[in-house]
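Peer 1: The structure that follows is given in the form of structure tokens.
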Amino acid sequence: METTEGKNDLRAKLAEKIQTFRSQRKATEKVDRALLLQRRKEKAKARAEAKKLAKKESKAKQESKVAAYDTGNSSDNIADEENDNHKSTITYGTLIVGDDKFSNGKLKVAGKKRGPTDVFGALKHLEAKKRRIESMDEEKRRKIEESDKWHRVLLQAEGKKLKDNEQLLKKSIRRKEKEKKKSSDAWKERKDNEKKAMLMRQQRREENLKKRRESKKSKKGKAPKKKKPSKKK
């Protein structure tokens with residue numbers, strides 16, 4: 001039988017294990033909370049930097065307009081700038097950041113923007129954007145690339161999936177086409193099997209009908225002949 005001292009030792013060891021487990025669980029919870037707070041700080045910092053960048057771009061745009069006006073070519077320069085911005089669908093005083101929009105340094109909540117939801121549409125959109133950017137001058141390309149960079153940073157911070165990698169999109173399309181072909185082949189094979197099964201059923205039916213007809217003919221041929229009545233003398 002166990003002594004009282006032995007039981008006390010077991011209880012002490014069990015209590016120690018429980019305490020260790022609780023300490024480890026609390027430490028894990030602290031790490032998870034610290035990680036969550038760190039992510040929130042990074043997201044807030046990225047938003048603040050994006051807002052700061054939008055203010056700088058807005059200020060540079062205003063200074064550019066003033067300089068153009070001072071040279072006496074304000075109307076033509078502003079008109080050209082607005083036309084270029086309209087064609088390239090880029091407004092330098094506006095920066096899209098995740099689901100938010102910074103316009104002239106002020107945060108505006110952006111409505112849901114409809115865009116390509118499938119990889120085929122995403123690839124076409126990316127290729128068209130690439131061609132459009134390549135046709136622009138170096139300054140416009142730089143501004144668009146800077147805006148896109150912040151956009152990617154914030155989307156990644158929010159854990160959203162990016163669809164701006166041309167190679168990955170093409171790889172995804174090849175995989176989908178392969179799956180589509182596999183599905184098409186399976187559908188064709190199923191239809192062929194159904195057709196073969198139908199032909200086999202039809203063939204068995206015709207064979208059964210033929211056997212029945214032959215059986216009826218055979219029975220008629222074996223039927224006994226009726227005896228003629230004998231003549232009375």
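Glycine is treated like the rest: Cβ placed from N, Cα and C.
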Peer 1: Could you let me know which of SER75, SER88, SER103, SER183 shows up in Swiss-Prot as phosphoserine?
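Peer 2: That would be SER75, per the phosphoserine annotation in Swiss-Prot.
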Peer 1: Mind looking up the mean pLDDT for the coiled coil (122-223) in the predicted model?
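Peer 2: Result for the coiled coil (122-223): average pLDDT 81.
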